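Participant: Handing you a structure now.
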């Protein structure tokens, strides 16, 4: 489930925003970071590790095969929301637009580089002790590339519209929306482009060569019949069609979540061998972080920016929370209404508007709860491991979620590649103790991975060691 892996792109910017945000936070005697945002980031990283490493045994928390929204499907929108909040705080004041744009461009390039290196197929960690990728089959898109696009667009809008609004808002319930109207114009344009393409694009018949070496159809050409427009099913949606035309089918993700659907495997929702009578599209690649869906994902970041603007302009805790909770509930209601009235289903793979609303509303409510507990009630000590992870998210992403540290230990094995220290700990300390593979794997991920990285990042925080992007 590599499609859910993500990292915070605002680690440096958060350091800049600290000193400015403190001025707008009441009852604070010293300048400090917005702890609830760090904890929210750390919580999202922990969820990412949990669903990625335990989702195979617990499919209820893994990505929904197609329509629906499981726990894993909240991870990516949560990160985009956090990036948006951070953008609003980091660019609260822009003294030099050229320098700000240069900083944004440089960070975008670094995101693209790390995305291609870690998710393009070069790294095979942690299970395979090899590196390298056939550039003709290299995956172009990924979570980091999606973040790069959202960050670039929204940060530039934030920078170039600084002169169009004042620091102090006029009175009125919707004044904060009016003050940042350019953001909503961009958001509306993104939505119109996405919906027009999704429902207006004609999807013709298409074919592909099966690239799965474990399949009996390996190397054979398969055809998919479509000839429709406006369909949101797996084989004939416009999102996949745009990616096949722009990226090329060989450069798309070869293990899409739809392989776990009932149409593809009789073991659904587990990932198992495909049915012999499975439709041809079950063998095809699909890019969950493709071009059109990434354009739609920009809206998640714009919503996050709005919540950051609330921190900048609303001085009282109660005013912030009232606005956040009401907005979050409205987004949740809209997303659920669109889904259950069958106007637009919840679908992470397509990044539908209903999915954007639901996940952004959930992010708003989780952030509000953490803000109340941490920044209002000052229960920060309860969440220290999550805060440490959130402050060093890049380290945990590369070394933990991408399996670089695990690959290092797996490189030292006893006689057989499977006889490694990590596998021994998982089997003897967790699975056999709990007498259940599912429970043992879950406990292993919680204690040997999430808690472990909480302690590691705590030590790094003690010595002020941070992996900055």
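The backbone N, Cα and C atoms fix where each Cβ goes, glycine too.
Since this is a predicted model, take the numbers as computed values, not measurements.
Okay, so TrEMBL annotates it like this:
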DOMAIN    33-158  domain 'Heparan-alpha-glucosaminide N-acetyltransferase catalytic'
TRANSMEM  34-51  transmembrane segment
TRANSMEM  71-92  transmembrane segment
TRANSMEM  104-123  transmembrane segment
TRANSMEM  143-160  transmembrane segment
TRANSMEM  181-202  transmembrane segment
TRANSMEM  324-344  transmembrane segment
TRANSMEM  350-374  transmembrane segment
TRANSMEM  395-414  transmembrane segment
TRANSMEM  441-460  transmembrane segment
Participant: Need one number: mean pLDDT over the domain 'Heparan-alpha-glucosaminide N-acetyltransferase catalytic' (33-158).
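Facilitator: Value for the domain 'Heparan-alpha-glucosaminide N-acetyltransferase catalytic' (33-158), mean pLDDT as a whole number: 91.
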Participant: So, do the transmembrane segment (143-160) and the transmembrane segment (71-92) meet, by the test of 3 or more Cβ pairs under 8 Å (sequence gap 6 or more)?
Facilitator: yes
Participant: Check for me, if you would, whether the transmembrane segment (104-123) reaches the transmembrane segment (324-344) - at least 3 Cβ pairs under 8 Å, residues 6 or more apart in sequence.
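Facilitator: By the criterion, they do not touch.
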Participant: What does the DSSP secondary structure composition of the domain 'Heparan-alpha-glucosaminide N-acetyltransferase catalytic' (33-158) look like, as residue counts for helix, strand and coil?
Facilitator: 82 helix, 4 strand, 40 coil
Participant: For the transmembrane segment (324-344), I need the partner stretch with the highest count of C-beta pairs below 8 angstroms, choosing only from 34-51, 181-202, 350-374, 395-414.
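Facilitator: Answer, by Cβ pair count: 350-374.
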Participant: So if I exclude everything within five residues of the ends of the transmembrane segment (395-414), which remaining residues of that chain have a CB under 8 angstroms from its CBs? That is, six or more out.
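Facilitator: For the transmembrane segment (395-414), the list is 5-7, 45, 48-49, 52, 114, 118, 123, 125-127, 129, 389, 420-423, 449, 453, 456-457, 460, 466-467.
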Participant: Sort out for me which stretch, of 71-92, 181-202, 441-460, has the most Cβ pairs below 8 angstroms to the transmembrane segment (350-374).
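Facilitator: Going through each listed stretch, the top one turns out to be 71-92.
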Participant: I need to check the long-range neighbours of the transmembrane segment (441-460): which residues 6 or more away from its ends have a CB within less than 8 Å of a CB in the stretch?
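Facilitator: Same-chain residues near the transmembrane segment (441-460) but 6 or more away: 42, 46, 49-50, 53-54, 57-58, 384-386, 388-389, 391-392, 395-396, 399-400, 425-426, 429-431, 434, 466.
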